[in-house]
């Protein structure tokens, strides 16, 4: 058996008694799950593209057409991403704080968000008796932001009968003024322009070349990296550093900072989420954010600057102290953001938004070393939960079609989600993925024997129920993974 071979144990479908999004007392939250004893980074990347996610070593896939709050996998094209005005304001707030140490006024802080929880609770199974509660990446959307959006929409779509006489008169006057006012170039300005052209003509430069020279001097917009790495004064008030440490297998630096990282996590959970102090224990922290089934792998052709694929913690150090941590999986085609937590004392820095921008910049940096690694996976987009819509603001982004498993630009998906919370995004001319994997070809592991399900069936004569479970597993993970990963079967 190859050291990089994946071994999984399928649990089937479960229904949860609670939903962290709609907060209903009787939710319909159906999820398929499996335990990953070992998982290659290639297989996990492929599973993400089938709608799976992980919480520790537990993998889960929501049943979108049966669940109360459908969760659609979302990804952002990091290389094509351009920060919005809101993103730039957050970057400036952080830069100003580092330079001067002054906290921004409350009115200057963009509303970045409220309690954004992507949660999944692992059911009790034969493989483990402990629950793994997965609250995925967090951010907040405040009521002030929602009010601002609603106010803007209302002003843009205000019906005429609700407009006052004063507003109508002002609008008509503005239109009349705009219509009658014609742009006119003053004589002095025209004369200056002609003299400048004459001077250029004496130098052999025509008007067209002069225009190109003028445009060449126009400053280009700053890139995301320019804004993140903006120079600070020689003696700044604070210094912010980023440190990427491998969390599995546990690296020396990760072990050295484990206590400090956990303390920040406990502060975050108790303050932001209101968890009782006993809940974010060290064992719960390890199980949820440190344990990983992913195998460590580094391509032989990669440079020394590349840490390789696998599970990492990206630590944010302010003056040498850990104030935030991003939990990431670096995979062959993407960086998957699993969770982010921070010291609540620095909430004024909008670290949820800031961390997403830092992680997009990390993807772009890695893409220069591994060109195929260009995507930033943000977890699940939940349109039915307003607090989770913020992920659609990192553009360009795609949503995964739950029937064809193809990627569709989010702007084409939103109109369909406005009609129904469950939707097929791909066009009708694309066939639904009804995986026709022959279960006899499914790779299995039984009593240390690596074989196919067909060969095992001849030896053990499994029950019809067992065959139905293997067929469901193959359909959910896809043909490639079904033939490559080893499905654990008991005697």
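Every residue, even glycine, has its Cβ placed from backbone N, Cα and C.
Check TrEMBL against the ranges 69-109, 110-150, 151-191, 192-232 and you find region 'Disordered' recorded for 151-191. When pLDDT values are averaged over the domain 'N-end rule aminoacyl transferase C-terminal' (261-401), the model yields 95.
In terms of DSSP secondary structure, the domain 'N-end aminoacyl transferase N-terminal' (17-89) contains 16 helix, 25 strand, 32 coil. For the domain 'N-end rule aminoacyl transferase C-terminal' (261-401), the number of residues in each DSSP class (helix H, G, I; strand E, B; coil) is 52 helix, 42 strand, 47 coil.
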